[in-house]
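*Asks:* As annotated in TrEMBL:
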- HIS125: active site, pros-phosphohistidine intermediate (ACT_SITE)
- LYS15, PHE63, ARG91, THR97, ARG108, ASN122: ATP binding site (BINDING)
- 7-146: domain 'Nucleoside diphosphate kinase-like' (DOMAIN)
Amino acid sequence: MARTSHVGRILVLIKPDAVERRLTGEILRRIEAKGYTLTALKVLTPTEQILAQHYAEHVDKPFYPGVVEYMTSGDVVAAVAEGQRVVEGVRSLMGPTDPTTAAPGTIRGDLGRDWGTPAILNLVHGSDSDESAAREIAIWFPELAD
């Protein structure tokens, strides 16, 4: 049975810890080296309103204030990448959420570690499904909304 290919989009956020450590170029290089195309890019300090939309399912959770503090602590690079099975591919490149357990060869495994902070400083976010990607791209890049 032949595999079907899927051209999709993913939102990638390079988080404040990665921007501060000057890892933006390395992270974007890895995404492009995998063969994905960056189709939109901007640098911003997220507002609480954008974060409330992005993390809507977590707003009432006890860890949410720490996430807001972390994500508003500096610049974020927001990007849209496109390609065949891009959500699966970029998330594989990123590695698991916890950088301590992320395998070498992944962004989090090679570049991240536990800094002993309340929020997990894990360098990068990538949409976890095509549906999430469409929702998140509409939040961060309203001009690209489907």
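Cβ from N, Cα, C; glycine included.
Automatic prediction, not curation, is the source of TrEMBL annotations.
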*Asks:* Taking the Cα atoms as reference points, how far is HIS125 (active site, pros-phosphohistidine intermediate) from LYS15 (ATP binding site) in Å?
*Replies:* 7
*Asks:* Across all chains shown, how many C-beta atoms besides its own are within 10 angstroms of the C-beta of THR97 (ATP binding site)?
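*Replies:* Other Cβ atoms within 10 Å of THR97 (ATP binding site): 12.
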*Asks:* Would you identify which of the recorded positions LYS15, ARG91, HIS125 has the most other C-beta atoms lying within 10 angstroms of its C-beta?
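*Replies:* When each Cβ's neighbours within 10 Å are tallied, LYS15 leads.
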*Asks:* Just how spread out is the ATP site if you go by the largest Cα to Cα distance in Å among LYS15, PHE63, ARG91, THR97, ARG108, ASN122?
*Replies:* 23
*Asks:* Counting by DSSP, what is the helix, strand and coil composition of the domain 'Nucleoside diphosphate kinase-like' (7-146)?
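*Replies:* Split into helix, strand and coil, the domain 'Nucleoside diphosphate kinase-like' (7-146) gives 61 helix, 28 strand, 51 coil.
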*Asks:* Count the Cβ atoms, other than its own, that fall within 10 Å of the Cβ of ARG108 (ATP binding site), considering every protein chain shown.
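*Replies:* Its Cβ has 23 other Cβ atoms within 10 Å.
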*Asks:* 10 Å Cβ neighbour count around ASN122 (ATP binding site)?
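*Replies:* Result for ASN122 (ATP binding site): 24 other Cβ atoms within 10 Å.
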*Asks:* In the predicted model, what is the mean pLDDT computed over the domain 'Nucleoside diphosphate kinase-like' (7-146)?
*Replies:* 95
